[in-house]
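According to Swiss-Prot, the protein carries these features:
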COMPBIAS  45-54  compositional bias 'Polar residues'
CARBOHYD  78  N-linked glycosylation site
CARBOHYD  179  N-linked glycosylation site
CARBOHYD  347  N-linked glycosylation site
REGION    23-58  region 'Disordered'
SIGNAL    1-22  signal peptide
TOPO_DOM  23-586  topological domain 'Extracellular'
TRANSMEM  587-607  transmembrane segment
């Protein structure tokens with residue numbers, strides 16, 4: 001019977017050799033400890049058999065749990081197994097057919113005890129384990145069924161640690177099934193911010209809101225885009241094509257284009273071609289983008305002016321677009337009902353560094369508005385002017401905004417002019433290039449350039465003036481140059497400067513004053529040139545000066561209260577006499593008393 005028992009003992013010893021006990025990755029204090037193997041029979045940590053009846057002491061304060069450690073698996077081909085079986089997944093085995101350094105689960109290393117070769121084991125290369133430690137001095141004898149060791153912490157204190165079989169550390173995470181149904185939900189629940197914006201699957205709104213970009217559709221290419229209103233950026237005012245037009249935002253923008261080679265850009269640049277501003281349709285409402293080919297959602301752009309294609313004729317690029325004006329009629333939540341465009345064209349000389357200044361106007365009005373009402377200018381206040389709104393002028397029965405000179409990129413006078421804004425002082429100038437002509441023609445041309453076409457005759461007193469009611473407009477006073485002051489008989493007197501002087505004041509309640517125009521005067525400054533002198537270029541200047549002549553009334557005062565008082569010394573004679581009588585007491589009789597007695601005596605005589 002002894003032979004089978006010895007054989008079983010040998011197998012048991014082979015399964016649990018002395019050198020394969022668990023090695024901790026950290027001590028209870030967090031530092032790498034120095035391990036000391038406990039020999040059988042030593043006090044304070046001997047591993048006892050479960051058959052022994054010796055019990056351990058009760059748990060003492062100060063028990064700590066060491067961070068789970070990893071155990072070295074056995075090498076393939078060697079029948080001797082390690083304390084724990086080999087990991088099913090070796091995450092650090094990155095080189096097939098070769099041993100990865102510090103990868104304790106790499107079968108290509110063929111190491112029975114990798115810890116004896118490697119300085120440490122990479123995370124994930126051994127199974128996780130847990131250690132529970134107490135001070136070694138508290139343990140006399142241990143009969144724990146789990147492996148135990150004594151470690152030396154960083155402070156030199158010996159710790160008795162027991163390896164606990166914590167199976168939860170080696171559980172596998174259950175995989176979630178991902179399909180087309182739950183993919184988006186899982187990505188939204190567990191995902192974070194993305195570098196790219198997520199696709200918005202929500203349907204477009206059913207109608208435009210104020211400020212929304214206006215959608216356009218190009219049937220030829222089946223492309224949806226936005227209605228653009230180029231605006232000037234930078235000091236040079238270069239055209240920015242990406243500026244979208246906002247719904248119900250009536251405004252005007254101006255920008256400048258420079259051409260390196262105008263000869264090639266003349267017919268190829270779409271910004272110069274009139275067709276690019278009306279060869280598309282406008283979507284009536286935003287939800288039309290779901291079915292843009294449906295004619296119910298498309299509003300064609302109607303051309304209301306003559307427009308020709310650009311043409312390069314010799315050294316001139318003809319029919320280039322200089323002004324674009326959109327008139328858009330809307331009907332509340334029913335969207336855009338009608339769109340019309342009028343174009344202004346000019347000619348450019350082909351030369352190095354040629355430039356073009358373009359003006360873009362967008363105007364919204366209510367659908368089915370009468371033609372007569374649509375011609376009138378928008379109000380600049382109701383009733384009083386609002387600072388920054390256009391100063392309204394009148395010529396005949398047509399009202400419009402008063403304008404100033406505007407210069408192009410090369411300094412020459414532009415056909416597009418600045419609006420005069422109420423309450424805003426301004427100055428502008430440009431150079432007018434003229435051909436040699438007689439004096440009267442020069443004067444007429446320069447006058448029209450200074451005050452604009454047509455010439456303003458009246459200015460609105462209030463911002464809501466009606467052109468049909470002449471009483472709401474004040475006549476413009478003109479002060480021309482003094483011709484008699486010129487001594488030269490062969491000279492031509494031409495205007496070079498116009499100052500627009502506007503006198504205004506606040507009227508009405510102090511709590512809600514309204515600004516109104518009291519008077520306007522055009523003051524011209526001139527200079528003389530000889531008729532024989534060939535005038536080719538004249539520098540012109542316009543100035544706007546607003547003068548506040550408000551005279552604030554005195555604040556109201558209450559009526560004075562009646563306070564009747566007698567003079568301070570009204571009873572002076574009687575008071576003095578009475579005071580003397582009192583002071584004399586027994587010395588003499590008061591003169592007042594004597595006077596009274598005399599009066600009584602006289603009265604008695606008359607009665608008798």
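Just so it is clear, glycine is given a Cβ too, placed from its N, Cα and C backbone atoms.
Since the structure is predicted, the reported quantities are computational estimates derived from the model, not experimental observations.
The glycosylation sites in question are 179, 347, and the one with the fewest Cβ neighbours inside 10 Å is 179. In the three-state DSSP scheme, residue 347 (N-linked glycosylation site) falls into the strand class. If you measure from the Cα atom of residue 179 (N-linked glycosylation site) to that of residue 347 (N-linked glycosylation site), you get 63 Å. Across the residues of the topological domain 'Extracellular' (23-586), the predicted structure has a mean pLDDT of 80.
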